[in-house]
Every structure is written in structure tokens, then in C-alpha cells.
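As annotated by Swiss-Prot, region 'Disordered' applies to 1-20.
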Amino acid sequence: MAHKKAGGSSRNGRDSAGRRLGVKKFGGESVIGGNIIIRQRGTKVYAGRNVGMGKDHTLFATAEGRVVFHKGKLGRSYVSVDALPLAAE
């Protein structure tokens, strides 16, 4: 009798899509309030002036201006937004 042994099932073969993390706005770029600057896991970079942090540690601009990266105490990296001066009417 012609029989074929059943093939074994593989336990591999799964993968998840990349999470699209990283810097979205680099130093010197212009941003407006609400623009995402960095998507990260944990606090690789901390929020400086005019930057807020979401519950998933996403850093976003809270004011219009230019993005600036700098080092702070304990060697921590910070990102700030140098706000544009308000135009006089």
C-alpha cells in the first residue's frame, strides 16, 4: 500500500511587524505643537523645554519652534524645542 507519513508541524515561522520606533524630527527641524519628535521604548531620551512625554514614552512638541538635542545631568540625553518668538501684531 502506498502511504505517506504525515509531515511534522513546525514550531517556528512567526514574526511581528517592526514597531516604527526612532527619531521622527531631527535637530534643527521645525515643529509645531503636537508633532511627534521621538517614538521610543523606555526613556532613552528625556523631555526638555517645550516637549511632553506620552504614556508610551513618546516625546512630542508642545510649542512651535526648532528641535534641539542636548546632554544633561548624569549623561542623560534631552530633546527640547526652542520656541519661536511670538509675532507682534
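Placed from the backbone N, Cα and C atoms, the Cβ positions cover glycine too.
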(request) For the region 'Disordered' (1-20), could you work out the same-chain residues 6 or more beyond its ends whose Cβ comes under 8 Å from its Cβ atoms? (result) 39, 41
(request) May I have the DSSP-based helix, strand and coil counts for the residues of the region 'Disordered' (1-20)? (result) 0 helix, 0 strand, 20 coil
